[in-house]
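Residues annotated as transmembrane segment in TrEMBL: 70-91, 112-138, 158-178, 185-203, 215-240, 252-274, 294-317, 338-355, 375-399, 406-426, 446-471.
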Amino acid sequence: MSPMSFTSGLLDSRRCKRLESYDFFQPEWVNLDLFQSHSALAQQDLYVLEGEHEGAYLAFRRLWRMMQTPVLLCVVACLAACAGYLLDWATRMFIVFRETLVPSNQLDEARPLAYACVCFSFVMASAMLTQFLCPLAAGGGVPEMKTVLSGSINPALLSPLLVVVKLSGLVLAVAAGLSVGKEGPLIHVSCALAELVMAMPAFRYIRVNAPHRLEILTCACAAGVAASFGSAFGATLFSVEITSTCYIVSGLARAFATATVVALIYWCWGTEVISGLFSDNVSQGMPFAPTDLLLWALLGVLCGLVGWAFVSAISGVSQWRNRITRSALGPKVQRGRRLMICALFTTLVIPLSYWELRYFERWSTTGQKALVDHLFAPRVLGVSYELALFVPIKALAILLSVTQPLPVGLFAPVFLLGAAFGRLFGEVARYANLSMGLMHLTFQPWEFAVIGAAALSGSITRAVSTAIIVFEMSGENCLRLPLGLAVLIAHTIASRFTKGAYDSLVDTNSAPYLPTLPPQAYLVEVESIMVPAANLPFLSLSTTYSAASRLLRQHTPTTCAVIPVVQTVTDMVLVGAVLRRDLELAVADYEERVAVAEKDASPDETARLAEAVKVNESLQGSLDGSLFGGAHLRFVVVKGGGKVAPVVDTRGTAYCMQHMLRLTSIDTIPIVMDPSPLQVAHSTELRKLDYMFRMLKLDIAFVCRAGKLVGWVTRGTIRRFVGAREPQPIDECIALCESPTGLVDRMRCLAHKVNAAYMQWDLMPSWMLSTQENRAAEITWHVQNGHANLARTLRDEQAQNC
């Protein structure tokens, strides 16, 4: 068989697979198989075709091979910028349309019902568009991209229909007055556009190279963030923080280049097109005083606590939503309940949005950007009840908006909430400074609004790059230290209690994402959690097409996406692995050609074939009554330079295949085998396997004992083993306060140790020293109240003093 004929059959099979439609209602995650040799199968046609040409054409191909990555990044950046501009333009048009129907400056007692009807219609249109056309378009998109960049991809998540539905649904949601952002949907849309561009024939070499493909998707994430903020530096770092677990540093320059191209395109269009969160209309602040450090730290602590509470609320509401809309109810019931949730939450959000327009109609009629501009205004607003009410009302509106099954974003509304919280904090601090003169305050309230916006955004998203984004967009050099300090404190405090918002949504959405191993599972051996080989499908080098067909019918694609190949059924020595889809193509192609051969074969040819089957006893059996059913599967491996070599070639099989080829006149599709799948020893520690899965972005590992296959471990196996035992950040805080007086006991113990140290150096005032009678009574009291550890410490100190 020539390499060219092998490649032609392979490409024909791929064209057939691409004709299948995406399943948007029952999504299926597929592992990208980054560092196993299955990718060589996809690259085979490129190597063969390249060797068929010489001269100028070959030089052009090599030049294009060298330039196609920069060209692809520029194309992705242009498409992301166009998507961001189109989103802003369509949002403005729909807001103008809403203002035409119900002018916000004329909202009096007679117009609330009309305003509610218009907003409710927009939200329900977005909900029906999402649920009936592409349910995967619901949500922000960042949790899905985290899963994709970890190595598991769902083709329906990156389809053209999702791009249209995502943008349309987001425009309707924003125009309806929901407190949602656009950074998550734009990240998702940018990745989908990058995937569509890579599907073009000119960029197919990048698409079939799985590691390079993920690197381009990472750059697309940076382009989506840049299209949201107009910030190149911050967008690059923000995309890395929120979407990557293990990042290849060599791709950082490409991501930054993509984000820079997006920012450059916006600059060429005009600065008014840049989708910044607020206008650069503030003046240079005065140098800060040392007393301001306490206020920055206090604001960071408060933002961290608010971020923890907000993430916990989002996670709880999302879990409740997923529980009542679980897929086991059926698509019709699931879709109906999602629409009911949208209707219920929108009914609750509309009064909050109406109140916001009523009390802030002087400067909030043009959207969230005007609200942020007002909060960052240098003028003094004062401590007003409107500003104090705005913070909790906006927080509730954001919670009810971002948890709806719609295309929504999280960063922009959270940034607005942080700006309002920081502004309120700054006005209170200014009032206290003027009325009581407790400290010398040099920072103005609008500067606290900037710091609060960055700190709260960082505590919710767990991205310290929010400080860079805010600093880059504000241009205030004096805010470098306050931003960094407040964001760091808020990030640290919030991380002590819960995960970030995007990580929490990954958990609640049940995406195939590796959980964090608990410390108790570090030394667990792989053999104790693996799926035994007796319960798994496997092939041998002597497996026939009839046995392979039965195996495919007995096991679903979700249970055996990768099938191991052993030498023989008796020794179970692992020699490789094949993809299920390759086996399906080979079996289907073989059955079709056998049916044609049986129909068109002459009696003499049939007699010779029957005689050939009798020669080799290993070729007994039939495939649905066919004489060809006993033929062995044909495994090949891809060597260096694109050469194809057979794995086994028995004489009986070759003799039978010779007659088959004479009857069919066309070669069958071979099955490319990976001769070196990831295999670990049965005694491998689970923490080592978890590290390999994360770094290599793998989905399956075969467990062997002395070279013999005994089982396998997948991501699903690890997720089921960890289950509810996944460690949470708050566990350490609970352990610290495991009893009502646990923390108090530790503090009292520390105080007594300090007391003993002072007594040792005769530094303790005489009136603070306890007498022997008082110390004995204190020890007795602690023993009676169950404080055994503290009582033992006091008794030891008493013995040392004596």
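A Cβ is built for glycine as well, from the same backbone N, Cα and C atoms used for every other residue.
Counting Cβ pairs closer than 8 Å and at least 6 residues apart in sequence, the transmembrane segment (406-426) and the transmembrane segment (70-91) reach fewer than three and form no contact. Here the transmembrane segment (338-355) lies next to the transmembrane segment (112-138) in space: the count of CB pairs under 8 Å, restricted to residues six or more apart, reaches at least 3. Counting Cβ pairs closer than 8 Å and at least 6 residues apart in sequence, the transmembrane segment (294-317) and the transmembrane segment (70-91) reach fewer than three and form no contact. Within its own chain, the transmembrane segment (446-471) is flanked in space by residues 229, 231, 233-235, 237-238, 240-242, 277, 282, 285, 295-296, 299-300, 303-304, 306-308, 310-311, 372, 375-378, 410-411, 414-423, 425-426, 429, 479-480, 482-484, 486-491, 493-495, 499-503, which lie at least six positions past its ends and keep a Cβ under 8 Å from the stretch. Ranked by number of Cβ pairs under 8 Å to the transmembrane segment (158-178), the listed stretches 70-91, 112-138, 185-203, 215-240 are led by 112-138. Between the transmembrane segment (70-91) and the listed ranges 112-138, 215-240, 375-399, the one holding the most Cβ pairs under 8 Å is 215-240. For the transmembrane segment (215-240), the residues of the chain that approach it from at least six positions outside its boundaries are 69, 72-73, 76-77, 80-81, 83-84, 145, 148-149, 181-183, 186-191, 193-195, 198, 206, 247-248, 251-252, 254-263, 266, 274-277, 409, 411-412, 463, 465-466, 468-473, judged by C-beta separation under 8 angstroms.
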